[in-house]
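*Asks:* Structure below; questions to follow.
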Amino acid sequence: MQPIALAVIGGTGVYNLATLDDVQTHEVETRFGTPSGPIRVGSLLGHRVAFLARHGEGHSLPPHKINYRANLAALQQIGASRVLALNTVGGIGDDFGPRVLACPDQIIDYTWGRISTLCEEAGSDVLHVDFGHPYTPMLRSKILAAAKVTGVTVRDGGCYAATQGPRLETIAEIARLRRDGCDLVGMTGMPEAALARELGLDYACLAIVANWAAGCGDGEEITMAEVLSNVQAASNGLPELIGELARG
Ligand code: HPA
């Protein structure tokens, strides 16, 4: 059996990879508990790719209830070592409007009360992993290269603000994130990225901008219908990009 070339974690609006062939389903238990749902492993353009819906296939888990540790450990248990995180986000920076795809290179974590380390249990080794570059630089380069080959426009860089949710932010909160230097805002980027680093996984994010964050752009009210339709429109080129990434 071919090794798993790439694992993909889908965010809001991305609940499957419709282009996977010969799909096998893995229900995995981990030392951290049960992941958000089954892992679907199939073939994409000739490469084995695993897919997990972060919020569950029916979007039943809010961001603070996701078992991020179990999700990543489950992907590692079935043999994945590279993870592409798809994160649906709001755009803050002027260049990060709806339907933009971006590959951020920095994170600021505003979440609280989530289990954000593997060394939570008494007796576990304390890990102080380097996190200066929170996304694996080599995997980021490969995402950008795959985007170029497949003709998908992806912005290189940006700072991802991870907020607690599940509510969206106030205009004042987004103004503060902008002053902090954040370009994108989402609810699931952390602790996922830090846990991936602790587990020794290669991990990078492809952010899908679904809406202008509160008070940005046209300042209109954000609706779930807008979020889902923008994610769908922005995701058109993803199967080719993911296939190309799995190849290299
Ligand atoms: N804020 C936080 N998370 C999000 C947003 C937003 O505006 N849009 C999609 N996920």
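Any Cβ shown, glycine's included, is placed from N, Cα and C.
Quantities reported herein were computed from a predicted structural model and do not represent experimental measurements.
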*Asks:* TrEMBL has Arg54, His55, Thr188 binding phosphate. Which one of Thr12, Thr136, Thr150 is in the same site?
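*Replies:* Between Thr12, Thr136, Thr150, TrEMBL records just one in the phosphate site with Arg54, His55, Thr188, namely Thr12.
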*Asks:* Report the nearest neighbour of Asn211 (substrate binding site) in space among the binding-site residues Thr12, Arg54, His55, comparing Cα positions.
*Replies:* Thr12
*Asks:* Using DSSP and three states only, what is Arg54 (phosphate binding site)?
*Replies:* coil
*Asks:* Can you tell me which of these binding-site residues sit near ligand 1, meaning the Cβ is under 6 Å from at least one of its atoms: His55, Met187, Thr188, Asn211, Trp212, Ala213?
*Replies:* Met187, Asn211, Ala213
